[in-house]
Amino acid sequence: MFVSNNLAVNEKGHLTFGGLDTVDLAVQYGTPLYLIDEDMVRDHCRQYKQSIEEYYDGKGLVCYASKALSCKEIYRIMKSEGCGVDTVSIGEIYTSLSAGFPARDMVFHGNNKTEEALSFALEHGVGRIVVDNLTELKKLNRLAGEAGKKPTILLRVKPGVDAHTHSFIRTGQIDSKFGFAIETGEALEAAVEAAKMEHINLVGAHCHIGSQIFDIDPFKLAAEVMLGYMKDVHEKTGVVLTELNLGGGFGIKYTEEDAPVPYADYMKQISDVVKQKAAEYGLPVPFILIEPGRSIVGPAGITVYTVGTRKEIPNIRNYVSVDGGMCDNPRYALYQSKYDAVLANKADQPKDDVVTIAGECCESGDLLGENVPLQHAESGDILAVLATGAYNYSMSSNYNRNMKPAIVAVSQGESRVIVKRETLDDLIRNDI
Ligand code: LLP
């Protein structure tokens, strides 16, 4: 009935999340409110870890892509689950360090890392830096020399795989701002350069072919291409790359239209390809890293709003406006991403209406969805948008000087605030 199995309807007809009444949570913590099911997040981490144990002899690391949801508590959870984390900015590194996350289990990404960020990563001993371009490679070699360090790096490679997803989040093809292209020889050249550098420890290659992908074939193809690249690097430089990072991108269920594959299936099929190709090329089976973001936190989150107004425009559409919108979830405005919604206080009633859910920003494009099936909404109802755990809070903004909602974690029937709701004072904190 619902897109995630932690959602149900209780005897009051209210939507429950992780066993707790969402209407009660809305009253207790206020709206708009992000809810995250910690138990489900942990379960997803374990599924990925288990799949590496089962199909890859444990020779790998699950690095949660924290751009999907970054706050101190999520890094604590990842630490306690024995996961690594993928970071993409000095801000994410800082947040994770502040939460006590060990730097050695961080991977640092980015197509335009600043000197400040690279130096910060070196100073704190970030475990792996994924180098995106030659300018960065040279800069890192210089900074590492100055700091007396020798960072472990992987090269970001474009395997040229089209993952059939939304073009905004497609990164595997040649026309991408990320990484070195294989086709042009650029990727091999980067390995030649890196292998010669005194202050660089080149250990592997990385690729990420896109996001919200349901098909396993593009991942298998990417793995095959990457092993071919590792073979070429070995032949050309003599360097045996011992690590392969295959990125993230595993799809989740936002609506009934989405049919994700079980997370374990990815490793099951990818590991076969990697092992087979390594044997064929006479290379050691590489240590593998994967970077799921959306699939770890996405299905584990919902956002709860209060309905303010209902506006019926005959023969056109019915608007239902809520006390949030593109500020807490810009994904419909950016990508026309579809979500399921339910009236939390009328969850036992049929969805006999079709509405446009609008936010409160001064912007016509501030929508959370169009043609959304919903129970009949009236002012004061509580509306839940489902599967919002990824790329909602992390992409939120203060546009129109709206305050960011709190995040409440639910675990074992208990709830607690993990990110406080912003206040008016927070909004003017940096204003002079
Ligand atoms: N690794 C790298 C290098 C990435 O660039 C990304 C996502 C991931 C891992 C995690 O991918 P995931 O497992 O979450 O699909 N804002 C967009 C998504 C952008 C994804 C960017 N990179 C959205 O809201 O759909």
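For all residues, glycine too, the Cβ spot is worked out from N, Cα and C.
TrEMBL entries are annotated by machine, without manual review.
Note that the structure is predicted; figures quoted are calculated from it, not measured.
Here TrEMBL has G249, E291, P292, G293, R294 binding pyridoxal 5'-phosphate, and the candidate from Y339, Y391, Y393 in that same listed site is Y391.
Same-chain residues that are not part of G249, E291, P292, G293, R294, Y391 yet have a Cβ within 8 Å of the Cβ center of the pyridoxal 5'-phosphate site turn out to be A65, K67, A68, S211, G248, F250, S295, I296, G298, A390.
Annotation note: G293 (pyridoxal 5'-phosphate binding site) sits in a coil segment as assigned by DSSP. Of the listed binding-site residues, namely E291, E363, the sparsest CB environment within 10 A is found at E363. When the Cα atoms are compared, R294 (pyridoxal 5'-phosphate binding site) and K67 (N6-(pyridoxal phosphate)lysine) turn out to be 9 Å apart. Rounded to a whole value, the Cα-Cα separation of P292 (pyridoxal 5'-phosphate binding site) and K67 (N6-(pyridoxal phosphate)lysine) is 10 Å.
Neighbour counts were taken as the number of other C-beta atoms within 10 angstroms of each residue's C-beta; across the binding-site residues Y335, Y391, the minimum falls on Y335.
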